[in-house]
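Per Swiss-Prot, [8Fe-7S] cluster binding site is recorded for C67, C93, C159, and the stated evidence type is similarity to another entry. For C283, H451, the entry in Swiss-Prot reads [7Fe-Mo-9S-C-homocitryl] cluster binding site, with the evidence type similarity to another entry.
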Amino acid sequence: MSLATTNSVAEIRARNKELIEEVLKVYPEKTAKRRAKHLNVHQAGKSDCGVKSNIKSIPGVMTIRGCAYAGSKGVVWGPIKDMVHISHGPVGCGQYSWGSRRNYYVGTTGIDSFVTLQFTSDFQEKDIVFGGDKKLDKILDEIQELFPLNNGITIQSECPVGLIGDDIEAVSRAKSKEYGGKTIVPVRCEGFRGVSQSLGHHIANDAVRDWIFGHIEAEGKPKFEPTPYDVAIIGDYNIGGDAWSSRILLEEMGLRVIAQWSGDGSLAELEATPKAKLNILHCYRSMNYISRHMEEKFGIPWCEYNFFGPSKIADSLRRIAGYFDDKIKEGAERVIEKYQPLVDAVIAKYRPRLEGKTVMLYVGGLRPRHVIGAYEDLGMDVIGTGYEFGHNDDYQRTAQHYVKDSTLIYDDVNGYEFERFVEKLQPDLVGSGIKEKYVFQKMSVPFRQMHSWDYSGPYHGYDGFAIFARDMDMAVNSPIWKRTKAPWKEAPSAKLQAAE
């Protein structure tokens, strides 16, 4: 049993505050003062977690954040399957992020779907000196010739494009006209913009607003027959099939899903979304901007949902149903009742094996709070959590609805801090990303990737909860931990004792 579960709330709070002070001692005074604003111990009743967020990382620290290009191309636009997404700039940005997110989709790759292909303009020195617009023009022609069934193209700008002032908007307009009105979207997501991938999400949302919705209004399309029960899934990237498992529940309760943004999504679905009666928002951080725009422009309400774990699934189904008539409300209750035997079986099997185990999380802009309920459904206790690129409203939601008193909170935590926190709090499981995975596994700490589900999933929905429970049990109770132990679980060697 971890040390964190053996003390009172007051003792845990005091210990966590001491831990923060201890971690900050290694920094120069100015750096320590800045980092102190990002670390805190949550106090019950507070409206937020008491940390600063969405601020530039300190130069020289090993931040775990990404850039605006990653937020736009890697998160929002990349999963749109029937569009070609050009990484416009040097080859490295696209190459080293190629296929790193498991955005499942239906289609024939290279024919009518292009998610897992890497398109790059491969900038060279001469392109920096003389500009890359002519090269971009040629690339667009090549794409049209080689992939004639693509339904649109996005141009995802990398850093040099913004620095040299290329006019990708003019190229996009000219080529769109040349191709008979084809959708070509320039996205100014150069990596130097903003403080993290979060601004890339915002820029991508704005590109949808200006280059997709703007053209729909002007051209009077799409032609779409609405029903009273049309909804759009917003901010689900179909990691491991998450959006599909969510869609099943929505359709079983009587709703019609007319669009998925953007996992397994298409250009036609983006264009159809202004006809929805409700936008249901999964990843608030990356897609709240376009959801708010559609509410203001088209009068479409939106609500957040959380399909991690049965408790949150039931809450979300009822919240969504509240926007519709009794038919949908009855459908929600029917779905909850249908899956209750599955939930009972999963909890009966895995909760005894996971009860009381402690977890520390550090993920992107949503999962540090959304997955907490699923862990609690299994009897596990989240003792620390934080966001790579969360904003203040994310920490408000976390404080008001998810974390317990005395939980350790860390914003934009760096490699050093996270390792020290784990060493001191000694969790039974860490959930974070690929960069952290092997560090903690080498420390003999059970670990699960909470960005890509460690090549498992889906984790959304009732079926996903069964997979989630199995994977957490597999990580925590693997036989390998009988052969290797975390440093704090090993008896000190005679040599170390002599040295002391």
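Glycine residues also receive a Cβ, built from the backbone N, Cα and C atoms like all the rest.
From a predicted model like this one, the values you see are computed outputs, not experimental measurements.
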Neighbouring C-beta atoms (10 Å sphere around the C-beta of C67 ([8Fe-7S] cluster binding site)): 23
Cβ within 8 Å of the mean position of the Cβ atoms of C67, C93, C159: remaining residues of the chain near [8Fe-7S] cluster: A68, Y69, A70, G89, E158, E190, G191, F192
Under 8 Å by Cβ from H451 ([7Fe-Mo-9S-C-homocitryl] cluster binding site), counting only residues of that chain that are 6 or more apart: R101, I239, V363, G364, R367, G433, I434
Length of the line joining the Cα atoms of C67 ([8Fe-7S] cluster binding site) and C283 ([7Fe-Mo-9S-C-homocitryl] cluster binding site), in Å: 18
Binding-site residues compared (C93, C159, C283) - highest count of Cβ atoms within 10 Å: C93
